[in-house]
Every structure is written in structure tokens, then in C-alpha cells.
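Noted in Swiss-Prot for the protein shown:
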type	residues	note
BINDING	His16, Asp167, Ala168, Lys169, Arg232, Phe233, Asp241, Arg247, Lys248, Ala264, Lys268	ATP binding site
BINDING	Asp18	Mg(2+) binding site
BINDING	Glu44	K(+) binding site
BINDING	Glu57, Gln100, Asp241, Lys272	L-methionine binding site
REGION	100-110	region 'Flexible loop'
Amino acid sequence: MANDFLFTSESVSEGHPDKVADQISDAILDAIFQQDPKARVAAETLCNTGLVVLAGEITTFANVDYIEVARDTIKRIGYDNADYGIDYKSCSVLVAYDKQSPDIAQGVDEGAGIDLDQGAGDQGLMFGYACDETPELMPAAIHYAHRIVERQSELRKDGRLPWLRPDAKSQVTLRYVDGRPVSIDTIVLSTQHAPEMQHKDIEEAVIESIIKPVVPAEWLKDTRFLVNPTGRFVIGGPQGDCGLTGRKIIVDTYGGAAPHGGGAFSGKDPSKVDRSAAYAGRYVAKNIVAAGLAERAQIQISYAIGVAKPTSVMVTTFGTGKISDEKIAQLVLEHFDLRPKGIVQMLDLLRPIYQKTAAYGHFGREEPEFTWERTDKAAALRAAASL
């Protein structure tokens, strides 16, 4: 890649229909985990105008009112009026959960199947990434895209901009010089709004009250602002588009700055390595960068269903490493247990912590529950690398 370039990432608000689905799925997971931390959950959600469909595979002894959980989630997001696209009070909720296949369960249950350790819940490949572009060790474009829609939600909920509605999308294009971000070329924010609002008033409020408070002022050099570029955004949420769990996997991770293995996160308990190993990958990569071993770090981890040990672990630092990538990979294997059970224990994942992850990014947020954001291995890695 050339050292001078433009790079873009997007985010969406909690009221985006796909994120509504993600949050319902993770709210279901949390409600189950409050009673049964060892449950097997794969909760999928579809939401459309006035309709929510809950489907997937759940094996648990927990007694959960799934319909009430879905309604409470929609209410918390802010869809309390049918004019907004869906109303938690009047929407229909259909429940169609099956149990986990026993063929899968025997490969995941510890002490069953061919590998007596807890095996991976499926085959697949997962990526973790970190870089030094922000204090959170996240790529800058996705970081600021998240902060913009997070700010939109804040001003909507606290009443400072009461004409805002729940659905919104942001996009940030950064200008890089010599491989480092130096300014913002373009910011896009499309936000749902009350029908009586005029475009010029929306544009002014968005730029001054939403965007400027959360992006570096020194990066706003000849920046182009595109606010509701279609001119109107009244119909939104599940009425504007059908929402589905797992359809915002790039928003959930690194905004396209790193590869993605394809597996979504929300609604999945941590026996699914799609989720738990991606969290572990972030934990590993962030500690590599925090230790000063590299300015950028990417790890790929892969698994076979029913097998505990990863089938491969690869680290690349894009030429920024202080020691070789092979040496860093060896340190990773020595300091991190990447077997499914090891990940669950290392990151304390059998807790009802997941609904909070389902909007504004699973990574790069300093929340106390987000154990994969800790840098508690950095000192040991640095010492082992003799730096």
C-alpha cells in the first residue's frame, strides 16, 4: 500500500435495524447467562416494520421471557412510537428457537467426543488487530465513526436535540501521509429526524453539536461534511430496512483496517470461537502493541470443530515489529491460552456482558466488562522480548 492515501470506515447507531437485531440477540444471551452461564446459545433476530422474529438454537435450563427481553431492548434503544419505524409496545414478536444439535454438542462439551478438552464450536478463522493510531490502540477511522454515532445517540436521549430519531450512520475518510493519519477528508452522517425539520437546521446542528465535539479539531482541515446527503431521512429503523443479526461485522470490528474471518458475534455464547477467539485475537494484538513490540499487529487464529488446540496461529506486524513476527508468534503461544476453554477463563466470558458490546464496536472501548481490552500481558511480553 502507498504511504499517502485515503482510508474510510463506517459505523451505525444503536437504532440501525441490523444493530437492533444484534442488541436483541445479545440481550437474549445475557438474560440466559444470568441464570445459566453454561448455556449454549445461538440467537438470531430479524426485525421489520412492526415485527420481530427470534430464531436459532438454544440449550438451557434458564426460564426467560424472550418476548419481554425483545420488547425491553427495543424500548431502551428508543423505538417507542410507531412513527419511528417500530414500537416496542405494539410490535409482534415470534419465537422459534430449537436446541443445539447433539452432534455439535459432543464436540464442544468437555469430556465428550474425540478430543476430551472443550473443543471449538465450529471450524473457522478469526483475526485480531491493534495499532497505535489512537490511545485505545484502534484504527482512527472506525474509532471516530463510532464516536460520532455514539454522540448522536447521547444528544437524542438527553433531549438536547429532541428531533433526532434512533437510526443513524456515520462514515469517516482519513487522509494518510507517510502511513500516518493527518486529517479528515470527509465525514458523512445520515441521521433519522422528525419530519418537520429543515435540512439546513439539521446540517448545522450535526456539524456543530455532534461531529466537532468528538473529532480532533486539528484534523478538520478542508474537511467535507455530508449531512443527510439525500436531503431527508424520516423513514428509518426496521421500517426503512429489514434488520438481521450479524450483518454489521466490519462495524463491529476494525472498520476494514484488518481482515475478517466472516463469523458474526452477537447472540453467540463463547463456546462459539467466531466470538471468543476474535475477542482473544484483539486481546493478543493489543498487548503486542501496548508492549512496544510493534506499531501495528494482526493475528490470525484458526480452529477445527471439536478440537481444542488452534490449527494455526499467525502474527504479522507489517514491518513495524521490534523483533521478528515469528518470535512474536512464539511469545503469543507462550503467554496466551488460545484453546476455547482457555479463552473463556482468560477473559472471564461466562457472564451477562454482551448486550453492551452490540452497538458502537466490540473493540476499542474502555468498559470494565471488556476484559479483552486489558493490557495486563504487555509487561511480560516486553520482558520476554528483552526490550
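Glycine residues also receive a Cβ, built from the backbone N, Cα and C atoms like all the rest.
Values in this document were obtained by computation on a predicted structure and should not be read as measured data.
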Worksheet item: Which one of the binding-site residues (His16, Arg232, Lys272) has its C-beta surrounded by the most other C-beta atoms within 10 angstroms?
Response: His16
Worksheet entry | Those residues of the chain, 6+ apart, with a Cβ under 8 Å from that of Lys268 (ATP binding site) | Leu29, Val41, Ala42, Ala43, Asp274, Arg275
Worksheet item: Any idea what DSSP makes of Asp18 (Mg(2+) binding site), helix, strand or coil?
Response: helix
Item to complete: Starting from the Cα of the residue listed as 'K(+) binding site', work out which of the binding-site residues (His16, Glu57, Gln100, Asp241, Lys248, Lys272) are within 10 Å.
Response: Glu57
Worksheet item: Among the binding-site residues Asp18, Glu57, Gln100, Lys272, whose Cα is within 10 A of the Cα of Asp241 (ATP binding site)?
Response: Asp18
Worksheet item: Where the record says Glu57, Gln100, Asp241, Lys272 bind L-methionine, what is the longest distance in Å from one Cα to another among those residues?
Response: 30
Discussion item. Under 8 Å between C-beta atoms and at least six apart in sequence, can you list the same-chain neighbours of Lys248 (ATP binding site), or say none if there are none?
Written reply: Val12, His16, Asp18, Lys19, Asp22
